[in-house]
Amino acid sequence: MQWLDLPHVQRAQGNVRLPGSKSISNRILLLSALAEGTTMVSNLLESDDTGRMLDALRLLGVAIVRTDDGKYRVAGCKGKFPVREAELFLGNAGTAFRPLTAVLALMQGHYRLSGVPRMHERPIGDLVDALRQIGAVITCLEHEGFPPLEIHPAVIRPGNISIKGNISSQFLSGLLMALPLTGEPVTIVVSGTLISQPYVALTIAQMARFGVQVKQESWQRFMLPENQTYRSPGKIAVEGDASSASYFLAAGAIAGGPVRIEGAGSDSCQGDIRFVEALEAMGARISMGSDWIESGAPDGGALKAIDFDCNHIPDAAMTLATMALFARGTTTLRNIASWRVKETDRIAAMSAELRKLGARVEAGDDFLRITPPDGPLTADAVIDTYDDHRMAMCFSLVSLSVPVRINDPGCVAKTFPDYFEKFAAITHTPF
């Protein structure tokens, strides 16, 4: 489908069962593959990103079977992939590319990792430099600091590692998941401010489910004790994706509600669950249980503009940018520098598409300032999505004010293949 025309809808109301979290799904797949024992994974996200991880693990010799009831049985390889030479194509899946780079660098094998052109523009130099500190031999095949990569057999000498924290938390997460494979004590020191800290906390939580503990001092120093090995918990469930919840919760706040999402709530280990704090600041009515959240429009009807630090919700923060179109006043989103190195340059892309709708936008290195138009949004705008799933999902919210065309709606397959069907269900429109 080249485009999707969304009609103007008056109200959003209903319940949505969330797909599994992308971030948790790919972490659990990798840890299950590295563990001793067999793991049965339920509610795994079925998407392009998780498909890339599944394909890669199978190429590396991991036995993975999808059962008739939609679960995945992963036979762990006790920390050593059977296949020692492979070429892996990982699309634009950062949650597969970064941790696999770290793990494969310790495997004493010969591997090539590549992706789509955009992945080759996304920096990985800080992770490569950190791995080289302990003896890894990694060649950047086109431009230093960027994929594609070639990994060679190497003598690994675990010890202290320093890594920058200001580009992507996935670099640190990859190191944390990989280094227990050495069996040696390792200390990782983060230089500068660590962005997206909740995603690191998420990594540590998943590692604990497989029996490996990480000690930390603030967000600057992480210690991995010696002689730890991953052990299967037997059965493990993936909680619903909190980033994906943001679109439906936003719809409820914009267009009446109530909209309830099921599969993530107050017990969630995901940082993006804090999106509800921004909704509350905008005046939305929020209620929450252990595994559900419900949103509705403010009692007065109109959302308020906010000035919000988005460091803890880098993905869900994109939803706030489109919500700003419905708020009174100027909304400022801060600490979003990581948007520049995501599936597209999200600061530039979001700025361009918001302007098509009549918004006034000021963009900086790490912030966006958005003022909605004085009158109605521009109807029938054609929104480009830049092969970025979150751009497509964010701008679906525009239909709560005016008709809108979304180009390349199929890009949502990266994390949420049936998103538009779920959106149509709560807006009571045909799809």
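Cβ from N, Cα, C; glycine included.
Under the heading active site, proton acceptor, Swiss-Prot lists Asp315, citing sequence analysis as support. The annotation phosphoenolpyruvate binding site is assigned in Swiss-Prot to Lys22, Gly94, Arg122, Gln170, Arg346, Arg390, Lys414. For Lys22, Ser23, Arg27, Ser168, Ser169, Gln170, Ser196, Asp315, Lys342, the entry in Swiss-Prot reads 3-phosphoshikimate binding site, with the evidence type sequence analysis.
Arg346 (phosphoenolpyruvate binding site) has a Cβ environment of 25 other Cβ atoms inside 10 Å. The binding residues for phosphoenolpyruvate are recorded as Lys22, Gly94, Arg122, Gln170, Arg346, Arg390, Lys414; their greatest pairwise CA distance is 19 Å.
In sequence order, Gly94, Thr95, Arg98, Pro99, Leu127, Tyr199 make up the list of same-chain residues 6 or more apart from Gln170 (phosphoenolpyruvate binding site) whose Cβ falls under 8 Å from its Cβ. The CA atom of Arg346 (phosphoenolpyruvate binding site) is located 17 Å away from the CA atom of Ser169 (3-phosphoshikimate binding site). DSSP classifies Asp315 (active site, proton acceptor) as coil under the three-state reduction. In the three-state DSSP scheme, Lys342 (3-phosphoshikimate binding site) falls into the coil class.
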